[in-house]
Amino acid sequence: MKSPALQPLSMAGLQLMTPASSPMGPFFGLPWQQEAIHDNIYTPRKYQVELLEAALDHNTIVCLNTGSGKTFIAVLLTKELSYQIRGDFSRNGKRTVFLVNSANQVAQQVSAVRTHSDLKVGEYSNLEVNASWTKERWNQEFTKHQVLIMTCYVALNVLKNGYLSLSDINLLVFDECHLAILDHPYREIMKLCENCPSCPRILGLTASILNGKCDPEELEEKIQKLEKILKSNAETATDLVVLDRYTSQPCEIVVDCGPFTDRSGLYERLLMELEEALNFINDCNISVHSKERDSTLISKQILSDCRAVLVVLGPWCADKVAGMMVRELQKYIKHEQEELHRKFLLFTDTFLRKIHALCEEHFSPASLDLKFVTPKVIKLLEILRKYKPYERQQFESVEWYNNRNQDNYVSWSDSEDDDEDEEIEEKEKPETNFPSPFTNILCGIIFVERRYTAVVLNRLIKEAGKQDPELAYISSNFITGHGIGKNQPRNKQMEAEFRKQEEVLRKFRAHETNLLIATSIVEEGVDIPKCNLVVRFDLPTEYRSYVQSKGRARAPISNYIMLADTDKIKSFEEDLKTYKAIEKILRNKCSKSVDTGETDIDPVMDDDDVFPPYVLRPDDGGPRVTINTAIGHINRYCARLPSDPFTHLAPKCRTRELPDGTFYSTLYLPINSPLRASIVGPPMSCVRLAERVVALICCEKLHKIGELDDHLMPVGKETVKYEEELDLHDEEETSVPGRPGSTKRRQCYPKAIPECLRDSYPRPDQPCYLYVIGMVLTTPLPDELNFRRRKLYPPEDTTRCFGILTAKPIPQIPHFPVYTRSGEVTISIELKKSGFMLSLQMLELITRLHQYIFSHILRLEKPALEFKPTDADSAYCVLPLNVVNDSSTLDIDFKFMEDIEKSEARIGIPSTKYTKETPFVFKLEDYQDAVIIPRYRNFDQPHRFYVADVYTDLTPLSKFPSPEYETFAEYYKTKYNLDLTNLNQPLLDVDHTSSRLNLLTPRHLNQKGKALPLSSAEKRKAKWESLQNKQILVPELCAIHPIPASLWRKAVCLPSILYRLHCLLTAEELRAQTASDAGVGVRSLPADFRYPNLDFGWKKSIDSKSFISISNSSSAENDNYCKHSTIVPENAAHQGANRTSSLENHDQMSVNCRTLLSESPGKLHVEVSADLTAINGLSYNQNLANGSYDLANRDFCQGNQLNYYKQEIPVQPTTSYSIQNLYSYENQPQPSDECTLLSNKYLDGNANKSTSDGSPVMAVMPGTTDTIQVLKGRMDSEQSPSIGYSSRTLGPNPGLILQALTLSNASDGFNLERLEMLGDSFLKHAITTYLFCTYPDAHEGRLSYMRSKKVSNCNLYRLGKKKGLPSRMVVSIFDPPVNWLPPGYVVNQDKSNTDKWEKDEMTKDCMLANGKLDEDYEEEDEEEESLMWRAPKEEADYEDDFLEYDQEHIRFIDNMLMGSGAFVKKISLSPFSTTDSAYEWKMPKKSSLGSMPFSSDFEDFDYSSWDAMCYLDPSKAVEEDDFVVGFWNPSEENCGVDTGKQSISYDLHTEQCIADKSIADCVEALLGCYLTSCGERAAQLFLCSLGLKVLPVIKRTDREKALCPTRENFNSQQKNLSVSCAAASVASSRSSVLKDSEYGCLKIPPRCMFDHPDADKTLNHLISGFENFEKKINYRFKNKAYLLQAFTHASYHYNTITDCYQRLEFLGDAILDYLITKHLYEDPRQHSPGVLTDLRSALVNNTIFASLAVKYDYHKYFKAVSPELFHVIDDFVQFQLEKNEMQGMDSELRRSEEDEEKEEDIEVPKAMGDIFESLAGAIYMDSGMSLETVWQVYYPMMRPLIEKFSANVPRSPVRELLEMEPETAKFSPAERTYDGKVRVTVEVVGKGKFKGVGRSYRIAKSAAARRALRSLKANQPQVPNS
C-alpha cells in the first residue's frame, strides 16, 4: 500500500484498514500469532548478518545506530577472510589492518579480535615510539602478527614510508569512517589507495551519520562523498529505517483534528488561573543558592504539568490530574521540614483544589463529558471505535466493564494510591485469557510526550469505555519511562514502580490488554508485540522518534496515525517530508532492499497460470502449495528446525538478473536441514515471481524427502519416519492409576521362586541331594563392639550343624556373609552327597524337625501360615547334621532328632517339682552349652535364654541389686511365691536368645559400612559391670531346652541364610537366562568354578579408629553418620528401624533428627522449633514406665516444658516391639535380603535436607567388591579353582546381579543405585551412538526425541516387566516374622485375614504406639512441624545392645510408624495431624484393649507376633520418592490425596508391590552390572536381548527364524514364572549358536562431507588455522571435515560442505556423560550413589563444559553468524578471564557482588558447551569410535575439575537452598521482565525475598537461590518485603 501520507485527511474520508474491514478477513495477521510467519517474503535475517554479507561481497560503509553491531561485523569479516592472512609474511602472506581514530580505542579493538579468534594481534598506538622504528623492526612485527591495530597516524606513517604496502593488506577497516569527509589521516590513506593496483577490501564503520535534525540534501551529499572517498557502498542497518524492511509498510495517515471550541469558557478560565499561578511562582524571586533546594521547584513542575494536560486533553482531564496531584502533594507536605518549602506546597495544594472546584461547577467528575475534552481526544476515540471487533459482541453485554460504582471517581483523600486503576483493573475484568479470535483484535500503542498525559489519557479511555458500548472492548494500560532506565540507582519505591511497568508490558505481550499508552520509552529497546495501530498523539519531533514509533506498527496490516492540531499541521507537513526523504535515502542504502511498490504483481492475476501448484492427490482436492503460499511454507519449515535462542534460522534467497532482463533465484536452506543443495529456480519476468517459484520447487523437494508431511506442514520430531525405532507397543490395560513408568504407579507381582528350589520336597525312595550349610567365623567382633564382654562363639567350634535336603541340585553360588553376635560368619552351601534315598519314616521325622525349627525355635509360624510341604512352592527340608562316630564326615543326625522328639522341654515348660526331700542338684556340665527357660512365668510363650556365665560366687542368698529386695531368694518369694530347695546353687548370667532374625548386615555398621556412634567405653564398662544391668537367673527355677545353645545360635541364622540363598539363586537364574537370550556368559557354570564371595565392599578389618565416641552431638564427625541414621539392633523388633529408608527424597522432613545421635545413648534429642509452645502442658515422666527395674541414666525431664532448643527425652532401653512389622509399610514387602540402615538415596542425597549446615553426608556403601575386582580384572586369590575363568566370559557374579535387583528400600548392604547410574549413562551412550549411525540424515531434534522415547522410564519399565524382572527384585527389608515364607509353608487364605487382627500379643504392641491418624488435617501448620511424642511406657530388654546405640532412632521411627495408622487394613492417604503434642493411636476394632495392664517384668515380650501389616496401602509406600507415612509434606498441599485413594491389598509373603520407575531403575542397574562384568559389547547385546535396539540386526534366513520362536513372550508374570523360563531356555538354547552373528557392529556413517564441486578447497579455507587448535588439544584429525562440523553453528551459512554441530553434539553429550560417569564410578574412593549423582551433575553440565571450552580456546575457532550469540560469548569470555578459575555447578556464573538489586547472572552461552561436546563426538567418529581416544583428549582437560569436585562435591544452589530451608523456601512462578527475560523470586519465610533474573526459568531460579544462600550464609536476614 502506498501511504496516502502527506495530505491531511478529514475524518470523514479516513478509510482505516482495520483487520475487520480488510479484504483478507479478520483472521489475517492477528497479533497473537506473535511471531507472524511471513507469507509473501522470506523471513528476514538479522540486519547485522545482511551487513556482513554485503561486506564480504564488496567494499562497504556500515551505518549503524549504535556501536554494538560494529565490532561484530568487523571481527567476523576478519575471521572470514583470515585464510588470506595466515600465510608467512615473507612469502607474500597478507595482513589485516584496523584503523582507529585515537589511542584509547586501540585496546578495545584488540581485545575483541583476541577474544573471538586465535589470530595474532599487534597493537600500535603511540606515534612517538612507533615513528622511530626501522623497516626491520616493522618487518618483525608484521611477521609476528596477522592483525594490526593502529591509530590512523601510525598507519599513515607506516604506509607513507613504505614499511607496509597496501597490496600486503587484505582488509582495511576504518573505525568512525565519517571522519574521512574532513581533512583527516583517513583521507590521506585513501589517497594512497588510488594508485594501488590490488587495493584491499575496505570496511568503514560509522554510527554518527545521523544526529539530531538534519537536512535530507545534506545527508545525501554527506553519504555520497563518503562513498566516493572510501570507494565503498554505504549500507544502513535496518534500525535506521522501518525496522523490518520487508513487511508491508504501515499505512501512514495525518489527521487534522480541528480547533478546540469551548462554549462554557471553562478552558479559558482554567488556563488563565494556571498561568497566573505559574507567573506568581516564577516572580517569587527567592534567592536560590546553588547548595539549597529550590523551594518553588515542585510547585512549578506540578502546575506546568497541569497546564500541559489542560492544553492537550482539555478540562475534564485537567480536573483528573489535579486530583492525582493533590494526593501526591499530601506526601510531600507531610514530610517537608522547611517552612518556606512547605508554604509553596500548601499554596499549590490550595490552588489545585480551586481548579477542582471550578470544574465541578461545570460537570460532574464522575462521568465523562466529551464537551470538555480536546478535539484530539475525540478523534482518538473515533479511531478506536473503528477497531471494534465486529463479531460476537463482547460477552453479550458490557457489564463486566462497567462495574465500578464509585460516585466520585477522583477521590480527594490521600488514602488512595496514586493510580487506583491498578487495583480496579483486577476486580473489573474476569479472566480475559480466553482465546476467542476477536477479543483483542486491536493491538495498539498511543505515543504521548508527557508522563501525566499517559496516566490521564488511560483513565479517560477507561471512562469512555464505560459509557460507550462501542469502546467497551478496549482494555488499556499506560506505561511511562519512569523507572525503566537501565542504570539509575533503585530504591524500594522505584523498584515497585518498575515491577508495575513490567506487569503492564507482560499483559500487553500476552494480549490481556489491547491498548498501551506510552511515552517515548517504548520507541526503543522494549520487547513488545507487532502492533496494528500506532497513534502519535503528540507529533514526532525528530527523524529517529518518527521511525521508531512507526516501526512499532509491524503487523501485516497496520496504520500509523499522527494527530495534528490545525495550527501545527503546516509545519509538521514540512517535517514529515524531511523524514520521508531521509528514510528514502537510507532505504536505498539498505542492503538488499526490495522496494515493494514496483515489483508487486497484480494480485488478481491467477498465478497458477504462471506456474502450476504442487498438489497431493489431485483427484480428491488434496492439500496444495501454490506459487503464492510457497514462501510461507518454507519460512515455517525453517522456523521448525532445531536452533538455540539466539538463532532464528531463515532461508537465504539470492536473485540475479540475466542478460535478457529475466530473473532467476537461488534458495539456500539453513545448514541443518536435510535438504542441503541450493535450489535454483527457472527464469521469470520479475524478481518477486522468481522468488516465489523457487520456493514452490523447494516445497516439492521437501515433501518428497519426507520433511513436509502430507498436509504439507513441517514434520514435527514426533511424526518420525523412523517408526521401527519407537516400536509402538499396546499400552497394557491395567486398572492401576498413575502414569506408566512413574514412581506414582505401583503394581503387585508374585515373588520369584528359583527353579531349583521349586517342587524340591524330597520324596521317599527318590534320589535326594544333601547340602551342608557351612559356617565359619571370618571376622570376629572386635572388642570395642563387644559391649557385654560376651564370649564369642565361632560356629565352626561345634560339629553339629544344619543341612538342606532337597530333590533337585542347587547351582553353585558365591559364599556370603551373615552377621551374628560373634561377628561376620561366612556361609557356604556345599554338596555333601547326592543320589541317596530315604524311607518314609525318616522323611517324616526330618519334616517334623524342620517344622519344629521354624515354629518353635524361630517362632515364625502364625495363623496366616500353614506347614504343607507337599503344596508349598518351595519345600526343601532343613535338618541337623553331625559327624559320624568320630570321623570327620557329616551325616544326618537322626539320633539327635529322636532325642528332641522325646524331650519334655521341647515345646512347653516341664513340670518338675523339687521339694525339701528331693532338692535341686546343680550339674555344671548341663549348663555349659545350654538354652534355659524360666518356669515361673509367660507360660504361653516362655522366654529362652543362653547361659552366658555361671556365677559360682553368687547364691540365691546374695544381695539383690535393687534396694526393694534383700536377696534373690526374697525377690522370688515375694514376687512369685516360689521357695528354693537349694540355697547354695550358683546363679546364671544369661542373654536373651536372639530375636533379631535379619542377620544380613552387621548391626554395628550402618548400611555404608561406617561404624555407628557409640557411647564412651568407660560408661559402657561401668554399665555392664554393675549387676543392675545383668539378668541373673536361678538354675532351679529354669528348665533346660533340648536344643544346645551352639545349634540354637546356628538356627537363628537360618532365615537369613535361606533368604540370601534364595535371592542368589534367583540372580544366578537371571544370569543363565541372559546367557541364553543375549549370548552373554554361559548357560551353566563349569563344575569347578565358584564366583568370589558376596561382600559389601566394606573394609574387612573393622579398625578401631572407625568407632568414634561421640561426645558432642553436633561434632564434626557427626556428619559421617547419617544425619537421620537409625540403628539396626539385634532383635527382630528393630529391624524396622533401618527402614528410615522410607524417608527417601523428602525435601521436607518433619522431624529434625539431626541431633538424634546424642551424647548419652539413653536420651533422645528433639529439636523443637522455638515457637512450639503447644507442648508445655506435657510432663514427660508421666508416661515413662515405672516398673521394677532401674536404669543407669534415669534423668527424666523434671520440667513440664521443653527447653526450646535441644531437649533430651530419656528413652528407656526399648523392649523389642516388632517395629518392623509396621514397617512393611514399604509395602514392597518381600523376603528381601536386606537389612541396612538407611536408604542410600536418602542418606547421602537428602540427608541434610533438614540439617541446617548444608554439609552433605558422605556415607554410602560403595559397590560390592566384586565390582571392583571385575573392574580391576583380578580375582580373589582364595578362589583357586576359578583361575582360568572370568566373569567376562561366564557372566556377572550373581552377587552383583543381586545388587542390581536390590532397591535401596530393601536396606541391604548394597543396592542398585551406583550400578543404575552407570547403566543409565551407558544406555544413553549406546542408544545415542546407534541412532547417530543408523539415521545419518535425521537432525538433532528427531534424534533426541527418539532417544528420549527409548530411554524413558516408561519404556524401560515395559521391557523390564517383559523380562520378568519385577518378580526377581528385592524391594523391601527382609523381615522374617512379617514377610518371609519359610520353606514348606503356604499362606493360608482363610485364616490370613483374621490373623492380621486377632493376635493376642498385638494389643501390647499397639499400646506402645500412642499414635493417632487424623483423617482431616486441615492446616498446613508450619510451626508445629516438629514431631513430638511421649516416650511410651517401656520395658527394658537386657538382651540387646540398644543401650549402646541410640534408641531414639528406633523410637522415633516406631512412633512415626505407629502413629501412621499402619494397622488399618486399607489406609487411604491422610496426612498426619501434628497439632496434637503427642499422637494417640486409635486402635482399629479392639480399642478396649488399649487399657490392658503391662506386667512389669522385663522379659515378657514376644517379638514375633506382629502381623498387623499384611494389608497395606502401597500408594503410601516409599520406594523412590513417594510420601512417608506420617510425614506431611508442606510443599504438596494435596499430599498425594488424589494419587493414593487406591489401596492394593496383597500378601506380604508371596507378593511384592513395586513402583514402575523402580523396575526401570533395575533394568539400568542390570545393564551397569553386565557392563562392569562383561564389557561394552556384552552390555549392548544385553540391551538388544531386552528389546532395545542398539546394534544393527544381521538378517537371518527364514528357516533359522522358524527355529527361534520370539523370545519376547517368555516369562510373563504368572505364578509359574520359572516354568516358562525353563521353556525359554530350551527354546533359546538352539538360537544361542546364531547369537553372535545376529547383531552386527555399528558402522560409522559413510559421508561427513557433502558432494560439492570444490569441497576440499572450501574445507581448507574454512579450517585454516585449526592446526593450532589440534596442537592445543593434542589430537590430529584424520578427517578434517569432522573438525569443521564440530565448530559450525547452525547460523553459519558459509559452510556449505558439512552439517552443523548439532548431531555431533548429540553424540558427544552422551559420550562425555558416559566417560565421566564411568570415571567417577571407578574412582577408588568408591563414591556413594548420592555423591556420584552430585558429582556427575556438577561435571556434566553446560557451565562446566562452556568454561572448559573457553579455557581451551574453543571459542576462537567457533563459526557462527549470530550477533546476540557473539555478545554473549564476548561477555562470558571476559568474565572467565577476569575470574580465571573454574566455577562449580552453577549454570550461571555471577558477575559482581555489588549489584545486589537486580542481579543478572552472566549468561553461559549454551553454544560453548555444545561445541565442547560436539568436538568429543567428532573425535569419537574420527578415531573409529574409540572411547579411549576421546578420554585421552578430554581427561587432561577435565582432570583438575574432577579432582577438585571429588574432594568437595558442589551442589546446585537450588538444591542447597532447599536442603538448608526445606520448609520455608518457596519459589515464585516465572515473571517476564520488560526486556523479555525471566524473573523468579524465592521467599525464605521470615528471612526475606530474593530475586534472580535470567534468560530462562532455570537460570533465573538458580540466580535467586544463589542470592538467598549468600544472604542466609552472611546471616543478615533481609527485611522481608511486604
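Sequential numbering from 1, following the chain as shown.
Cβ coordinates are placed from backbone N, Cα and C, and glycine is handled just like the others.
What Swiss-Prot records for this protein:
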DOMAIN    51-227  domain 'Helicase ATP-binding'
BINDING   Leu64, Asn65, Thr66, Gly67, Ser68, Gly69, Lys70, Thr71  ATP binding site
REGION    256-595  region 'Required for interaction with PRKRA and TARBP2'
REGION    409-433  region 'Disordered'
COMPBIAS  414-425  compositional bias 'Acidic residues'
DOMAIN    433-602  domain 'Helicase C-terminal'
DOMAIN    630-722  domain 'Dicer dsRNA-binding fold'
DOMAIN    895-1042  domain 'PAZ'
DOMAIN    1276-1403  domain 'RNase III 1'
DOMAIN    1666-1824  domain 'RNase III 2'
BINDING   Glu1705, Asp1810, Glu1813  Mg(2+) 2 binding site
SITE      Lys1806  site 'Important for activity'
DOMAIN    1849-1914  domain 'DRBM'
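The stretch in closest packing with the domain 'RNase III 2' (1666-1824), judged by the count of Cβ pairs under 8 Å and taken from 51-227, 630-722, 1276-1403, 1849-1914, is 1276-1403.
Across the structure, Glu1813 (Mg(2+) 2 binding site) and Lys1806 (site 'Important for activity') place their CA atoms 11 angstrom apart.
Considering only the recorded positions Glu1705, Lys1806, Asp1810, the residue whose Cα is spatially closest to the Cα of Gly69 (ATP binding site) is Lys1806. In this structure, the CA atom of Thr71 (ATP binding site) is 28 Å away from the CA atom of Glu1705 (Mg(2+) 2 binding site).
If you measure from the Cα atom of Lys70 (ATP binding site) to that of Asp1810 (Mg(2+) 2 binding site), you get 26 Å.
Neighbour density for Thr71 (ATP binding site): within 10 A of its CB lie 22 other CB atoms from the protein chains shown. Comparison of 51-227, 630-722, 895-1042 by number of C-beta pairs under 8 angstroms to the domain 'RNase III 1' (1276-1403) places 630-722 first. The C-beta environment of Asp1810 (Mg(2+) 2 binding site), restricted to residues of the same chain at least 6 apart in sequence and closer than 8 Å, consists of Asp644, Tyr1701, Gln1702, Glu1705, Phe1745. Here the recorded positions are Lys70, Lys1806, and the one with the most other Cβ atoms within 10 Å of its Cβ is Lys70. Each residue contributes its Cα atom, and for Leu64 (ATP binding site) and Lys1806 (site 'Important for activity') these two points are 28 Å apart.
Summed and averaged per residue, pLDDT over the domain 'RNase III 1' (1276-1403) gives 82. Around Leu64 (ATP binding site), taking its Cβ as the centre, 23 other Cβ atoms fall within 10 Å, counting all chains.
Here the domain 'PAZ' (895-1042) has, by DSSP, the following mix of helix, strand and coil residues: 39 helix, 28 strand, 81 coil. Apart from Glu1705, Asp1810, Glu1813, the Mg(2+) 2 site neighbourhood in this chain, defined by C-beta within 8 angstroms of the site C-beta centre, holds Tyr1701, Gln1702, Leu1704, Phe1706, Gly1708, Asp1709, Phe1745, Gly1809, Ile1811, Phe1812, Ser1814, Gly1817.
Secondary structure by DSSP for the domain 'DRBM' (1849-1914): 26 helix, 19 strand, 21 coil. For the domain 'RNase III 1' (1276-1403), the number of residues in each DSSP class (helix H, G, I; strand E, B; coil) is 79 helix, 5 strand, 44 coil.
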